[in-house]
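Asker: Okay, handing you the structure first.
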Amino acid sequence: TMQSSGHRFRDVEHHPLLADNDTYDSSSSSSSSSEADMADRVWFIRDGCGMVCAIMTWLLVVYADFVVTFVMLLPSKDFWYSVINGVLFNCLAVLALSSHLRTMLTDPGAVPKGNATKEYMDNLQLKPGEVIYKCPKCCSIKPERAHHCSICKRCIRKMDHHCPWVNNCVGEKNQRFFVLFTMYIALISAHALVLCGFQFFSCVRGQWTECSDFSPPVTVILMIFLCLEGFLFLTFTAVMFGTQIHSICNDETEIERLKSEKPTWERRLRWEGMKSVFGGQPSLLWINPFAGFRIRRLLLRGKKGGPEFSV
């Protein structure tokens with residue numbers, strides 16, 4: 001259950017932050033961690049439930065691809081029907097899984113853990129009387145619109161929610177990939193349902209002769225499971241996609257909406273919010289989950305001694 005809007009202020013503390021003799025748990029991070037250091041790490045949340053959900057997501061997409069390819073398209077006598085639908089479905093599946101990976105492995109906007117130190121405070125050059133807040137859970141300076149995630153154990157900038165299906169928070173830096181993930185999953189679910197409809201019609205008309213390389217009972221069972229999966233995922237991801245777009249256009253996260261937090265920030269116009277999340281003017285890059293991905297940078301991380309887990 002979501003807590004009241006006053007919870008945020010009970011969780012934070014006013015000046016002073018950490019005194020010289022204060023301590024905090026530095027097993028996962030230290031006060032010297034910087035944004036640059038965090039950018040060079042591979043982000044991954046070691047949460048059992050989230051990892052199981054992420055693996056299930058991949059297995060369900062692989063199952064759908066198997067049924068569409070080997071049960072419906074390859075046995076079809078219409079060559080171009082099979083080729084066009086096969087290429088389209090598999091391209092959408094690759095885009096969906098790529099968006100899922102980037103959502104899961106991208107830092108959602110985590111505030112450096114344990115940065116609420118006197119040294120860090122002095123570097124901020126605060127104005128006299130200026131008030132800042134400290135999160136007592138992760139001992140970090142809490143920016144405006146940041147919320148603490150109990151699963152990630154970090155404060156996340158513009159945290160929308162924690163999604164177990166992507167094993168990560170959806171926040172300032174990975175919301176675009178999450179929106180693409182929901183969009184592509186909804187598209188392949190709709191595509192699979194349409195193909196199932198055509199296949200059932202074709203099988204019934206042909207009295208199940210040469211309908212599939214599998215026996216009629218097995219074909220029916222596989223297609224029924226695919227229809228159930230497609231319907232459930234289409235409903236869930238379409239609603240989530242619409243919710244995300246609505247939040248972006250209103251410049252309001254799901255947590256802020258549920259807590260009925262009064263905006264203390266200047267809300268962006270709808271189009272400005274879209275450009276802020278997706279980056280720049282509208283283009284094909286908006287729907288490309290590979291945009292901004294740098295293989296060279298990933299290889300350089302490996303040369304530094306292998307991937308590091310941020311959390």
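The backbone N, Cα and C atoms fix where each Cβ goes, and this holds for glycine too.
In TrEMBL, annotation is done automatically, which means it is predicted and not curated.
Just lifted these from TrEMBL, have a look:
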{"type": "TRANSMEM", "residues": "48-73", "note": "transmembrane segment"}
{"type": "TRANSMEM", "residues": "79-97", "note": "transmembrane segment"}
{"type": "DOMAIN", "residues": "134-260", "note": "domain 'Palmitoyltransferase DHHC'"}
{"type": "TRANSMEM", "residues": "177-200", "note": "transmembrane segment"}
{"type": "TRANSMEM", "residues": "220-241", "note": "transmembrane segment"}
Asker: What mean pLDDT does the predicted model reach across the domain 'Palmitoyltransferase DHHC' (134-260)?
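Answerer: Value for the domain 'Palmitoyltransferase DHHC' (134-260), mean pLDDT as a whole number: 90.
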Asker: Can you tell me which parts of the same chain pack against the transmembrane segment (177-200), counting only residues 6+ beyond its ends and a CB-CB cutoff under 8 A?
Answerer: 61, 64, 67-68, 71-73, 85, 88-89, 92-93, 95-96, 99-100, 102-103, 106, 163, 166, 170, 211, 223, 226-227, 229-231, 233-234, 237-238, 240-241, 244-245, 248, 277, 287, 289
Asker: With DSSP helix as H/G/I and strand as E/B, how many residues of the domain 'Palmitoyltransferase DHHC' (134-260) fall in helix, strand and coil?
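Answerer: Helix, strand and coil residues of the domain 'Palmitoyltransferase DHHC' (134-260) number 71 helix, 18 strand, 38 coil.
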